[in-house]
Amino acid sequence: CIKNGNGCQPNGSQGNCCSGYCHKQPGWVAGYCRRK
């Protein structure tokens, strides 16, 4: 799984976050994993 702070996509195309949450703001190319 992807560690917190590393890049991710909410749709899971780059893998799943260890925390289970990918934070992505509108307009961002990619998000990052973090705790919810």
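Note: Cβ is positioned from N, Cα and C throughout, glycine not excepted.
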According to Swiss-Prot, the disulfide-paired cysteine of Cys1 among Cys18, Cys22: Cys18
Same-chain residues at least 6 apart in sequence whose Cβ lies under 8 Å from Cys8 (disulfide bond): Ile2, Gln14, Gly15, Asn16, Cys17, Cys22, Lys24, Ala30, Gly31, Tyr32, Cys33
Cβ atoms near Cys33 (disulfide bond) (within 10 Å, other residues, all chains): 22
Neighbouring C-beta atoms (10 Å sphere around the C-beta of Cys17 (disulfide bond)): 24
